[in-house]
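Remarks on the structure that follows.
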Amino acid sequence: GNCKCDDEGPYVRTAPLTGYVDLGYCNEGWEKCASYYSPIAECCRKKK
């Protein structure tokens, strides 16, 4: 969606406090989001 996985913390690739790099799917309770600093990347974030 339009959510940003790492807009509330450090960059997900270097300090995954708000998300993790997506490997094709998101774990249960997580949502797929765009990376705030890397528009072409996707990652997963815990649903709020």
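Keep in mind that glycine also has a Cβ here, set from the backbone N, Cα and C atoms.
Fair warning: this is a prediction, and the values are worked out from it, not measured in the lab.
The disulfide bond annotation in Swiss-Prot covers C3-C43 (among others).
C33 (disulfide bond) carries a strand DSSP state (E or B). The Cβ neighbour count for C33 (disulfide bond), using a 10 Å radius over every protein chain in view, is 23. According to Swiss-Prot, the feature disulfide bond maps to C5-C33 (among others), an assignment based on experimental evidence.
Packing around C26 (disulfide bond) is summarised by its Cβ count: 20 other Cβ atoms lie within 10 angstroms of its Cβ, all protein chains included. What Swiss-Prot lists as disulfide bond is C26-C44 (among others), and the listing cites experimental evidence.
What Swiss-Prot lists as lysine amide is K48, and the listing cites experimental evidence. DSSP assigns K48 (lysine amide) to coil in the three-state reduction, outside any helix or strand. Within its own chain, K48 (lysine amide) has no residue 6 or more apart in sequence whose C-beta sits under 8 angstroms from its own.
The secondary structure of C5 (disulfide bond), as reduced to three states from DSSP, is coil rather than helix or strand. If you draw a 10 Å sphere around the CB of C5 (disulfide bond), it holds 27 other CB atoms from the protein chains shown.
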